[in-house]
Amino acid sequence: MKSPTPSRPQKMALIPACIFLCFAALSVQAEETSVTPQPPDILLGPLFNDVQNAKLFPDQKTFADAVPNSDPLMILADYRMQQNQSGFDLRHFVNVNFTLPKEGEKYVPPEGQSLREHIDGLWPVLTRSTENTEKWDSLLPLPEPYVVPGGRFREVYYWDSYFTMLGLAESGHWDKVADMVANFAHEIDTYGHIPNGNRSYYLSRSQPPFFALMVELLAQHEGDAALKQYLPQMQKEYAYWMDGVENLQAGQQEKRVVKLQDGTLLNRYWDDRDTPRPESWVEDIATAKSNPNRPATEIYRDLRSAAASGWDFSSRWMDNPQQLNTLRTTSIVPVDLNSLMFKMEKILARASKAAGDNAMANQYETLANARQKGIEKYLWNDQQGWYADYDLKSHKVRNQLTAAALFPLYVNAAAKDRASKMATATKTHLLQPGGLNTTSVKSGQQWDAPNGWAPLQWVATEGLQNYGQKEVAMDISWHFLTNVQHTYDREKKLVEKYDVSATGTGGGGGEYPLQDGFGWTNGVTLKMLDLICPKEQPCDNVPATRPLSESTTQPLKQKEAEPTP
């Protein structure tokens, strides 16, 4: 879907023409011949809609994950014959014709475990294996075992997995890291990209592209051999994100690619479908109905694209933070996504060089340099003094500060003077007693205040350290770890997100109850434990007092959340 072509730009960015040919060639490579599995809303048609609208299950994901016991076409035919008969019981029909997902056994950790021991004991509990799946299962098979987040998330998730893998590496489970990289490479080879998760209903979108960083992580253990082995899959994933770029005119967008008026190429989040999400069917229909001034398909696409961002949902995507139906994800150019694309280009350059292809390495370096200039030009708010998203409708950088602003520092794409300003903005506006706030807006959405998420804590910590801003980086780690430890001491679990306005409380908001487990929290906690404790005195719990070897700061008072961006 291309936007209307505006007036021609005065000056186009100069990028070698051979690179566009490279995109086209890689796009052809990424096209797969395998039949794409159909999601349950397509397989089951009106039956799926009726079951979800009947709200037979508290969680809409339950029926999306149910496995038909026979050919869905036969089940649908039976349903059409029986549904209008007197005494028809929809719940009984579902129970007869589907195998519902089993609730995972409640994990009861042994008494007296330290935080580190608890996490190390969870890795086998969270490991799954699905080499083979039922014919009509929404679960997609993967060749190697993998670690799931936990709770209702019974499948592997793309960007979650990177932070989980950091913890696996910290625990010495390099075999599991290698298995998960192999699985994601398999998905790229099979579907042309890494889906949101290994479910058929996730195939229409991806998530924040961390695959190249996963390969880079594996290369810490296996050397350049890992970079060379997975170079073809990294190239295919890059082609997926840049699909359609060779035909774009200035001022147009195509799927995940945006070409601005001066020819700058950036990316956005996008889902190929514009229908309600099967796993949140009723909620999406209600959101679309609540705003009759917008086409429902437009709202569905933006809801799905927000899910692709990993930030589902946040005031970041919304015109009115209190109204989800005002989100417009596809008209926003995200600072975190483009930072990850920059990092992907840099790793592709490194891998190409390792493979002996210096010409291709130079092309990826050219792309990375062009994107870095685009980030500095379009994704920096000079008036506010922080990185932010770019608005395709207003043609301006947005004003809202979010934790995504730390991504340019995380991938070493930021100018040094801007990194210093980001440290100040982070400490002033986002740092709380229990860690880093996602935004400073209280919207009731889970990717807003007062919630803090493990991956964003790690991105901020690493990013600030990259630019010598160690004091703020250590503040973030210490405050978040204290929160994790206090919650663990009380509840004996690690959770998906935390309330950072204080310590010892799990986060709230969103479409489902708080989940425990939890893959990425486990991974980030292990990394941070090793960061704050001296190497000669590693710690298994968060120390009662902050280690003296690091800078100390005064306790933070809770900052007031802002009502609007």
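For all residues, glycine too, the Cβ spot is worked out from N, Cα and C.
The feature region 'Disordered', as given by Swiss-Prot for the ranges 269-295, 539-565, sits at 539-565.
In the three-state DSSP reading, G310 (substrate binding site) counts as coil. On the backbone, the CA of E496 (active site, proton donor/acceptor) and the CA of D160 (substrate binding site) stand 10 Å apart. In this structure the alpha carbons, written CA, of D160 (substrate binding site) and D312 (active site, proton donor/acceptor) are 13 Å apart.
Each residue contributes its Cα atom, and for Q207 (substrate binding site) and D312 (active site, proton donor/acceptor) these two points are 11 Å apart. DSSP assigns D160 (substrate binding site) to a helix in the three-state reduction. Reported as a whole number, the C-alpha separation between P278 (substrate binding site) and D312 (active site, proton donor/acceptor) equals 15 Å. Following the DSSP three-state reduction, the secondary structure of R205 (substrate binding site) is coil. Within the same chain, the residues at least 6 positions away from R205 (substrate binding site) whose Cβ sits under 8 Å from its Cβ are P195, N196, Y269, W270, D271, D272, R273, R304, S305, A307, A308, listed in sequence order.
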